[in-house]
Structures are given as C-alpha cells and as structure tokens.
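Have a look at the structure below before the remarks.
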Amino acid sequence: MAFASPPASPPDEDGQARAPRYPGEDTTPTSRQEIWGWYAYGIAAEVFAVCGVGSFLPLTLEQLARERGFLQSSHLPCVGPDSPSAPKESSPAMFRRDDTNEQCVVGLMGLEINTASFAMYTFSLAVLVQALTLISFSALADYENNRKTLLVTFGFIGSATSMLFVFIAPPVFVLGALLVVVGVVCLGSSFVVLNSFLPVLVASDPSIQNSNKESAAELHRLDPEAEYVHARTSFDGDEPTHRPPTGLGLGGATGTSSPELQLSTKISSKGVGLGYCAAVFVQILSILLLFTLSKTSISKASGTLPLRFVLLLVGIWWFSFTMVSRRWLRNRPGPPLESTSTGASSHQPRWRIWLHLVAFAWKSLWKTVKIALKLREVIVFLVAWFLLSDAMATVSGTAILFARTELKMSTTMVALLSITATLSGMAGAFLWPIVSRYFGLKSNHTIMVCIALFELIPLYGMLAYIPLFKKWGVIGLQQPWEIYPLAIVHGVVSGGLSSYCRSFFGLLIPPGMEAAFYALYAATDKGSSFIGPAIVGVLIDATGQVRSGFFFIAVLIVLPIPLVWMVDAEKGRKEGLKISEDVVRGGEGEDEEVEGLLAR
C-alpha cells in the first residue's frame, strides 16, 4: 500500500543533530513526515475508540446476546418469529424500534444474565485487564526498538479484533466478549506507546534544538491556566533527574514559556483534533453503510450483521492508518535492555530482562504511591479523580445501552447520538477556557461546575420515577429525543473535565516527578473505570432495568465535589516544591526513597 508523503520539512537552522544521550539513540531532526506519522496513528485508533468502544461494540455485544437470549418471564426467544418483539412492519432492523418491555436474559456459566449487563460486565473486565497490562508492560516501550514495534503490533492486533467481528455469530457470542477485551487492551496500550513518542519527537525537533542548548536544567512551575500535556503516560517513573531536558515531564521546563511545552501542546492538540474529526467522518460513513445495507437482504438475515460490517469498516480504517504510521515514523530506539537501571544483568536471557522490567514498573508505581501519601492535596485529588473517572466511564457505557434497551432506539439513532456527544466534546474543549476566564474561575472551581452539570444527566433520568412525569410519558428520558440534549451536556462537560483535571493535577506534582506522578494519575483513571460498569451491571440484573443504574451514577458523580473543593492548590504546590528541593539536595532519610524513584 502506497501513501503520498506530506511536504518535506525545512532543514534545521544549524543542520546538526543534538548529541545522543545513550548508545544507539536516533538524534535525526524530526521531520514533518514523522510528525504526520504520529498524527496518523491517532487518526487510526481514535476511530475505534469513538465508533467502536463508544458506539457499536456495546450495541453489537448486546444484540449478539439478545439473539441468543430468551425472555425471563416466558422463556420465549428475545428475537425471532416466535418472539413477542417480532416485527409487525417491514422496516429494516437498524431503523426499527423494539417495543417489548420484557427483560431479555442469556444463559452464561449457569447464570441468567441480562443482555445489557453482559455488555457492561465485558467492558468492566476489558478495562481491568487494560489497566494491569498498561502498568506491567508500558516500561518496555522505553527500550531498544520496542517503541515502534509495540505501537504497530498493538495497532495490527487491535484492528484485527474489530475486523474479526464479522465472523462472530450469536451462537458464539462469548467470543465477541473476548475480542472486545483484546481490542480495548490494544487500544489503551497503543495510546500509551504513542504518547511515549511525543517527548522524543519534541526533543529532536529543529525548532527547539538551539533553545535546549541554551537553557539551564531549571525547575519551573506550571501556569494554573495552562493545560499540561504530559510527555508520556507510561506507568513507570524511571526518569533520572540528571538527564537533560527532553520535553515534558522529564525534568525540563514545564512553564508556559517552555518551547518544549508549547510545541508538545501544539502537536498533541492537533493530534486530538484530527482524531476526533476522523471519528466523526467514519461515524457518518457507518450510518451511510447501515442505510445501504438496509436496502439489501443482509439486514433481514441477522440484526447484528450490519453492525458487524460497521466494525469491519472500523478495523480496516485502524489497520490502514497504522500502516501509514509504520511507514512514516522512525524507530527512535531507547537505551539497551541490559541497562543497569532495570536491575537486570546483560548476561541474563532476554525474557528475564523483560520480567525485570515488569517488576520494575510495579515497584516504581508503588514507590510513587508512597511518595504521594506524604502529599495530602495530591491524595485528596486522586481520590476525587478515582470517583470522577469511574463516573465518566460508567455514564458513557450506560447511556448507549439505555438508548438501545430502554428507549428502544434504532442503531442509526444511537450512532447519531454518538456523533452529537463527540462534536459537543470538541466544542467543550474550546468553550471551557473561555467560560473560566470570563467568570474568573479557578481551575478547581471550573471542575466543580463541570461535575454539577454532569450530575444533571442521572438526575434527569430519575425524574421518570415521579408518578406525574411517568403518567405524562415525557420528561425523565422517556422519549428518545430527550437523550440528545443530554448528549450535548455530556460531551461539553467531558471535554472540560478531561483537560482541567489533568491541568489541575499538574499544579500539585513535585517538579521533576511529572512522569512518575502522571503514571499514577493514569493508573488511577484506568484502575477505577471497571468498578462502575460492573455495579451498574449488577443493578440491571437485579431490577431488569438500565434506568436503575442512575441512582448509583448520581451518587458516584456528586462524591468528588467536596473533595475537589477541599484541595488547596497553593499548599499542594508548596508541598511538592519542598519534596522536589529535598531531592535536588540529595535527600535525607525517607527522602532517599524519592530520589531512588527518579534516579534508578
């Protein structure tokens, strides 16, 4: 497959690469083609994140289980000519609403599980496995040629899982759950590896070569109003303090005047924007594909077959743009695996060195936790982030299944719902900085406003339990059209929370420990996001209604508000600065533990 290269970047001013920091480092100046290779993977994988994980995978899992399931009350098939939900009209399945209100369950390991719960449990398991994988293997990306190899491998395997859904029929619906777990793990892992490219590309960019030569290795604090874009989201904290500035999170300048920060923010923001634009484009293509298939006999053969063709399209897209990244990205190798920093000897077999890296990653994370326990403001905010990230993940998954099973919305309507939320999220990322400046809000106050608006979503859904509204048949998410305004709220709020929480946490990090603490931040995010979906799944099984999960979600969303309010950013900055100064002075006693984390 051939791809046209973007315009070549102009040569750097002095025409010389910077000095290598370890044997074998590729210090070739970053080209525009390589930057576009980095963008290409975001364009590839973000489509699976939005169109797959965020839209069609939950629908496909639920529908696969539904076509294999039976009604709990009568034990009649949920789908088929003998089902109470058998269509009375000739409209295609993806445009048709299922008006039955009986609970559909499927037998699994001797249990009767609601088909919506099956999807929730699957994604809960997928996120848990993803978190364990990220913590265990993210350190491998920093050594030898593993960075590009892992990125391409995760991309190819992940895209294959999406394409393989075309072969998953209802009798083997459990295999669909397995593909989801593998796909989600590959998606999250590949984004971690992709982020690890960013500081390398920034460090070798010709535009900052001269500034790096002239700058001193000085610690700067983060501007409260700036968005911190960390250098990498690897879960290891093995960045030595004596290394020269290589970008964000590596001990270099992190203030708004830092050339590395400005360039990294520019590249990262453009990458996110391109990824979301690609996701919206493929989502529109998916709707057109569903519409086209509705004119054929395919839609009548199986309710999941059109969905599986959409996942095939998503997988092909992911694979194709991964090929672009494979061609345009340089290897950018890291230090040799036998580096003594991993605690492994060069005489050991390769697999033992890899095991040392896995153990090293977990020990590094644990050391970071012990350091964080000394910082009250960091701990309070991480607890708030633990709850908030779980709430965000739970709302996203619950909303799709609620639209499908409770509101009986068609596949096309749900796809439009996803597009609405995605476009609103893009708008929210630009809107909240303007709102914050206009009203003079501090970062934590902006987060609290976002959470308060987020709380409106489950509260509105709970209004349907009020007899008056229930009698009206409208208000409280009883009609399909009601969910679209809430999708706008969800998108706008999510865009603000994602950026402001990361930025606010950056204020509390001890200078020079950015990589380790953002690893802890990411671990908290992924480590919590499996709890909420699992609990909602249990509630659905107990009540037979997805709506019952709104009670739990409402409590989960509101809990972080007092915690965020309690965080004193100025006190947290002083605490972080004190620990950082102890490290710079060499540390004494317990502070040697901090230094060990950064200098191993």
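Cβ coordinates come from backbone N, Cα and C, glycine included.
Quick look at what Swiss-Prot annotates:
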type	residues	note
REGION	1-30	region 'Disordered'
TRANSMEM	41-61	transmembrane segment
TRANSMEM	117-137	transmembrane segment
TRANSMEM	149-168	transmembrane segment
TRANSMEM	186-206	transmembrane segment
REGION	234-257	region 'Disordered'
TRANSMEM	271-291	transmembrane segment
TRANSMEM	304-324	transmembrane segment
TRANSMEM	378-398	transmembrane segment
TRANSMEM	414-434	transmembrane segment
CARBOHYD	ASN444	N-linked glycosylation site
TRANSMEM	449-469	transmembrane segment
TRANSMEM	484-506	transmembrane segment
TRANSMEM	526-546	transmembrane segment
TRANSMEM	549-569	transmembrane segment
Give residue numbers and ranges for long-range contacts of the transmembrane segment (149-168): same chain, 6 or more residues beyond its ends, CB-CB under 8 A.
41, 44-45, 48, 52, 60, 64, 137, 140-141, 175-176, 179-180, 182-183, 186-187, 189-190, 193-194, 197, 304, 308-309, 311-312, 314-316, 318-319, 322, 325-326, 329
Cβ neighbour count (10 Å, all chains) around the residue listed as 'N-linked glycosylation site' is 22
Could you give the residue numbers and ranges of same-chain residues that sit at least 6 residues beyond the transmembrane segment (484-506) on either side and whose C-beta is under 8 angstroms from one of its C-beta atoms?
222, 224, 226-230, 254, 378, 381-382, 385, 388, 392, 395-396, 399, 416-417, 420-429, 431-432, 436, 443-444, 446-447, 450-451, 453-454, 456-457, 460, 477, 514, 517-518, 521, 567, 569
Recorded stretch, among 186-206, 271-291, 378-398, 526-546, maximising Cβ pairs under 8 Å relative to the transmembrane segment (117-137):
526-546
Check the transmembrane segment (41-61) against each of 271-291, 304-324, 449-469, 526-546 and return whichever range has the most CB pairs under 8 Å.
304-324
Contact between the transmembrane segment (378-398) and the transmembrane segment (271-291) (at least 3 Cβ pairs under 8 Å, separation 6+):
no
